[in-house]
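Below is one structure, written out as structure tokens, with a few remarks after it.
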Amino acid sequence: MRWLLPWTLAAVAVLRVGNILATALSPTPTTMTFTPAPLEETTTRPEFCKWPCECPQSPPRCPLGVSLITDGCECCKICAQQLGDNCTEAAICDPHRGLYCDYSGDRPRYAIGVCAQVVGVGCVLDGVRYTNGESFQPNCRYNCTCIDGTVGCTPLCLSPRPPRLWCRQPRHVRVPGQCCEQWVCDDDARRPRQTALLDTRAFAASGAVEQRYENCIAYTSPWSPCSTTCGLGISTRISNVNARCWPEQESRLCNLRPCDVDIQLHIKAGKKCLAVYQPEEATNFTLAGCVSTRTYRPKYCGVCTDNRCCIPYKSKTISVDFQCPEGPGFSRQVLWINACFCNLSCRNPNDIFADLESYPDFEEIAN
């Protein structure tokens with residue numbers, strides 16, 4: 001039996017070698033490799049700005065109420081895109097209406113958007129929540145507005161100053177049945193009271209009103225500072241000089257200085273200020289695509305190289321007639337500067353809450 005063992009081992013070895021050769025010589029199955037088709041390039045942003053700038057010879061005429069601004073390429077004048085219009089890096093939204101370009105609908109390029117309204121933060125006053133831009137009256141003496149998380153209030157009682165010098169003993173008292181306090185003048189009976197009376201009989205004679213409002217104390221507040229330090233802005237005041245003797249808000253356009261002129265270049269050598277700047281040529285006023293019917297050569301307040309600021313010192317209000325390319329014309333009241341002076345008493349005219357320091361504190365407004 002010993003001779004059988006070597007033959008058995010040899011047979012097993014031959015079988016193993018045969019299996020290995022069969023595996024090595026058998027054909028290998030082919031593996032299919034999938035190559036995806038090239039995708040369309042959707043992340044490439046189109047070029048809306050071209051350099052050098054190519055602008056038309058004359059700026060476009062914008063519809064009434066649409067601002068004429070410089071495009072996003074800082075090249076040409078365009079009519080600003082309005083709410084709901086498409087916008088790009090060149091065709092920008094109207095900044096004077098608080099609009100911005102929302103690119104969220106153009107992912108992933110973020111090239112073409114839609115003009116949307118800026119949504120601000122609401123306010124909370126005395127436990128009551130108000131939305132951004134909402135106006136409200138916490139009491140009968142104040143009218144407040146919520147502006148992006150901050151509450152600004154203006155007084156409704158138009159008696160900020162005591163009577164004039166003819167009143168020797170003025171007193172600020174509460175009148176039963178009325179919200180606002182009033183000045184009472186305990187004058188000497190021998191001294192007649194000389195009030196500034198507005199007799200509206202002239203209005204009645206012209207047919208403007210049906211009833212007479214005699215013994216109306218005329219009141220006109222000073223004009224507020226211009227809403228912008230350069231360029232076109234708005235100034236307001238309160239006046240009851242009307243047929244009803246009712247306090248109404250009046251507004252006028254104002255332009256303290258041009259934004260596109262470097263006034264510092266006109267300051268004389270050795271000087272630190274230029275109080276008044278006046279352009280050499282007369283030009284037309286423009287407003288929302290409409291042009292004034294005549295040319296003007298206005299004076300502007302200048303600038304200083306130190307910490308002083310220049311504000312109007314002598315001014316008046318003029319009426320300017322505008323003519324629109326399509327539609328009827330209109331007229332607006334405009335600030336006309338005669339003289340300016342420069343001092344260190346400066347404040348930002350855009351700070352609508354600066355006057356609140358002279359008003360009662362928060363507790364009085366909230367209560």
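Along the chain as shown, the residues are counted starting at 1.
The backbone N, Cα and C atoms fix where each Cβ goes, glycine too.
Checking the candidates Cys62, Cys73, Cys75, Cys76 against Swiss-Prot, the cysteine paired with Cys49 through a disulfide bond is Cys73.
Record source Swiss-Prot places Cys62 in a disulfide bond whose other cysteine, from Cys53, Cys75, Cys76, Cys79, is Cys79. For Cys301, the cysteine that Swiss-Prot lists as its disulphide partner among Cys273, Cys324, Cys340 is Cys340. Among the disulfide-bonded residues Cys79, Cys101, Cys301, Cys310, not one has a Cα within 10 Å of the Cα of Cys290 (disulfide bond). Using a 10 angstroms CA-CA radius around Cys75 (disulfide bond), none of the disulfide-bonded residues in Cys101, Cys304, Cys309, Cys324 qualify. Nearest by CA distance to Cys310 (disulfide bond), out of the disulfide-bonded residues Cys53, Cys79, Cys101, is Cys79. Helix first, then strand, then coil: DSSP counts for the domain 'CTCK' (273-347) stand at 0 helix, 47 strand, 28 coil.
In sequence order, Leu256, Arg257, Ala275, Val276, Tyr277, Cys310, Ile311, Pro312, Ile337, Cys340 constitute the residues six or more apart from Cys301 (disulfide bond) in its chain with CB-CB distances below 8 Å. All protein chains shown were included, and the count of other CB atoms within 10 Å of the CB of Cys340 (disulfide bond) stands at 23.
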